[in-house]
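Student: Once you've had a glance at the structure underneath, I'll fire off some questions.
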Amino acid sequence: MIQSHVSVMLNKMLEALSPKAGESYLDCTFGAGGYSKAILESCNCYVTALDRDPNVIKRAEEIQQNYGERFDFVETNFAGSFAKLKEKKFDGIVLDLGVSSMQLDIADRGFSFLHDGPLDMRMSGQGLSAEEFVNAAEAKELADVIYKYGDESFSRRIAKRIVEYRKTARIDSTGKLAEIVRSSIGFRKGKIDPATKTFQAIRIYVNDELGELEQFLVNVKNILKKDGRLVVVSFHSLEDRIVKNFFKENSEKPVVRSKYAKDDMTIDPNKWLKIITNKALAPSDKEVGLNIRARSAKLRAAKAIYE
C-alpha cells in the first residue's frame, strides 16, 4: 500500500527556520511539498521551491493555485540552482535530504525494495541508472559503494553475490536486487530489511547526493541574507558529517582573553555562520512511532551573521 508522504521533523524545522511575514524562503527539496506548504501556512511569507524530479510538478502546481504569487517552483537540482535563481537572496533556506514517499512507494520509480519495479533510482530520470551500475560495476566497486554510502558491513558478500547472479541473468528489477541482498546476509529478527542499506547506498551514488550537497553548501552564502537561517535535515551519517563540518568550518568561535573577561568573537568575514543547534536534533520517539522513516533523521541549523 502506498503511504501518504509525511514530512519529517516538521515542527522542529519551522522552529529552526522561524518564518516571518513578508520574508522569502527557499525550499531546496520540494518533494511532496510538505515543507513548502507548512512555511506558507505559518505566516504571510513567500516560498521558492526546487526539485529535479519532474514528477512533482503537478503537486507544485496545486500549491501554486492555493497560494498564488507567494509560491514559485523551479525544476532543478539544488546544486545547480544558483544560475536559475540569479541574484535572488533568501531570509531562510531549508533542505530535506530524504527521499519522499512519492519516490519510495511508486514501483516504477525503482527506489523501493518493498515494491518490485524497474531498477532505476534516478531522481531526474537522467544519467546512470541503478540497473546500469549494478550490472556493469566490478565487485570491488560495488562493495566500496555499498560500504561507503550504506554503512553495510556485509558489502563484500553482497557484491560477490551480485556478480555471481549477473552470470546467469541481468539484474533489472528492484525485486531481483532485494532478493540477492537478502539471500546474501539473511533476515535478522527485529532488524530492518537487509536490503535497506544497499538500496540507500546505490541511490546516493547514482544521484551523486553527497557531491550535490557539498557543491550547494560551498555556494549557499551567495543566496542567504544576513540573519537568514539555513536548516538541513539529513538521514545518513555521511550527509550529517558534511553539514556538521561545514557549519563548524564557517562559524565564529569565542576567544577567551582572560579568565575574568567574557568570551569575545573574532571578526572574520569568512566565518559567516552562527550555529543555532549546538548538536543535531532528532525526531521524538512519538514521531518515529508514527513514521518509521524518521528514525535516522537529524536536523542542524545555523544563521548568517555576515553577507
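Note that Cβ sites are derived from N, Cα and C of the backbone, with glycine treated the same way.
Per Swiss-Prot, S-adenosyl-L-methionine binding site is recorded for G33, G34, Y35, D51, F82, D96, Q103, and the stated evidence type is sequence analysis.
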Student: Quick one: what's DSSP say for D51 (S-adenosyl-L-methionine binding site), helix, strand or coil?
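Tutor: SS state of D51 (S-adenosyl-L-methionine binding site) = strand.
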Student: If you count Cβ atoms within 10 Å of each one, which of the binding-site residues Y35, F82 comes out on top?
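Tutor: Buried the deepest by this measure is Y35.
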Student: Among all the protein chains here, how many other CB atoms are within 10 A of the CB of D96 (S-adenosyl-L-methionine binding site)?
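Tutor: Total other Cβ atoms inside 10 Å, all chains included: 25.
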Student: Would you identify which of the binding-site residues G33, G34 has the most other C-beta atoms lying within 10 angstroms of its C-beta?
Tutor: G33
Student: Work out the three-state DSSP category of D96 (S-adenosyl-L-methionine binding site).
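Tutor: DSSP assigns D96 (S-adenosyl-L-methionine binding site) to strand.
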Student: Taking 10 A as the limit, how many CB atoms besides its own sit near the CB of D51 (S-adenosyl-L-methionine binding site)?
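Tutor: Counting Cβ neighbours of D51 (S-adenosyl-L-methionine binding site) within 10 Å gives 27.
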